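Trainee: This is the feature table in TrEMBL:
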- His120: active site, proton acceptor (ACT_SITE)
- Cys128, Cys131, Cys148, Cys151: Zn(2+) binding site (BINDING)
- 1-239: domain 'Deacetylase sirtuin-type' (DOMAIN)
Amino acid sequence: MQLKTAAKMIADVSSVAVLTGAGVSTASGIPDFRSTTGLWTADEAREYYISNYYFHKDPVDFWGKYKDIFRVKLLKDYGPNHVHRYLKDLEMHGKQITVITQNVDGLHTLAGSEHVIEYHGTLNSATCPNCGRSFDLPYLLETETPICEKCGHVLKPDVVLFGDPITEHDSAEKAIQQSELVLVLGTSLLVSPFNILPEYANSLGKPSILINREPTVMDELFDVVIHDDLSKVVQQLQK
Ligand code: CNA
């Protein structure tokens, strides 16, 4: 029943803001953080190691931990799955889709989605804090600690680290304002300020759907809640 309602809600609108989290990429082989099989449970100190504070304290050790936690060396081996492709398909069928993602793997863009707001940045590049020059993933993998080839500074990842400001919040809110429906996929909604966005959508009276394997602390905000595997649900939505 919930599935049918969700399918109709999506079919009936021409614009959707899609808020995604790590659960969208698990079918690509990238573990999430907080579910029972996630990367986070093993070591709570991970939050500290991928913080702005630790980057400044010990940039060399930071880069080792960062590459390890986000499995940066494996990134080139991961590809979009049918959840990413489903969102691109909606776009191809004429809907205005804005993906607002917490994911840092770049897979929505790789799947061809045209409007992607990378709320927590990307693993695919890093920037020199001194001269602002940008470097791509292959360069970051050449050395253990990537250094700016122009001025010798240790590069800073383009991922938003704990303690970094969020620069995309306003554009995310704007995308929600301009969309008729909000679809939230594969996120625990535990990370702030991203988790303010569903509340914001609710305050604007936007209809909303949540699809996540496990219950979240915000389930009651949504008109439709489906607790199931995303790949399975998406296949059913496409029927
Ligand atoms: P999270 O807190 O790990 O939550 C993920 C949620 O997804 C959980 O509630 C799971 O139940 C759910 N989930 C996992 N697999 C599936 C599935 N197949 N079908 C349905 N639901 C599923 O991750 P969030 O995204 O909520 O937290 C935000 C963090 C995670 C961001 O800062 C990201 O940078 C970070 N992260 C990103 C990636 C990535 O880019 N792929 C991977 C791991 C962590």
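Cβ atoms are placed via backbone N, Cα and C, with glycine included.
Caution: TrEMBL annotation is automatic and unverified by curators.
Predicted, not measured: the structure shown is a model, and the values here were computed from it.
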Trainee: I'd like the number of other C-beta atoms within 10 A of the C-beta of Cys151 (Zn(2+) binding site), please.
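Mentor: Excluding its own Cβ, Cys151 (Zn(2+) binding site) sees 11 Cβ atoms within 10 Å.
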Trainee: For ligand 1, pick out the recorded positions His120, Cys128, Cys131 that have a CB under 6 angstroms away from one of its atoms.
Mentor: His120
Trainee: For Cys148 (Zn(2+) binding site), which residues of its chain lie six or more apart in sequence with Cβ-Cβ distance below 8 Å?
Mentor: Cys128, Asn130, Cys131, Arg133, Phe135, Val154, Leu155
Trainee: To the nearest whole angstrom, what is the C-alpha distance linking the residue listed as 'active site, proton acceptor' and Cys151 (Zn(2+) binding site)?
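Mentor: That comes out at 26 Å between the alpha carbons.
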Trainee: Taking the centroid of the Cβ atoms of Cys128, Cys131, Cys148, Cys151 as the Zn(2+) site, which other residues of that chain lie with their Cβ within 8 Å of it, listed in sequence order?
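Mentor: Checked against the 8 Å cutoff, the neighbours are Pro129, Asn130, Gly132, Arg133, Glu149, Lys150, Gly152, His153, Leu155.
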Trainee: Tell me the Cβ neighbour count for His120 (active site, proton acceptor), meaning other Cβ atoms within 10 Å of its Cβ, over all protein chains shown.
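Mentor: The Cβ of His120 (active site, proton acceptor) has 19 Cβ neighbours within 10 Å.
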Trainee: Please identify which of Cys128, Cys131 has the densest Cβ environment, defined as other Cβ atoms within 10 Å, among these binding-site residues.
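Mentor: Compared across Cys128, Cys131, the most Cβ atoms within 10 Å surround Cys128.
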Trainee: If you average the pLDDT over the domain 'Deacetylase sirtuin-type' (1-239), what number do you get?
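Mentor: Mean per-residue confidence for the domain 'Deacetylase sirtuin-type' (1-239): 94 out of 100.
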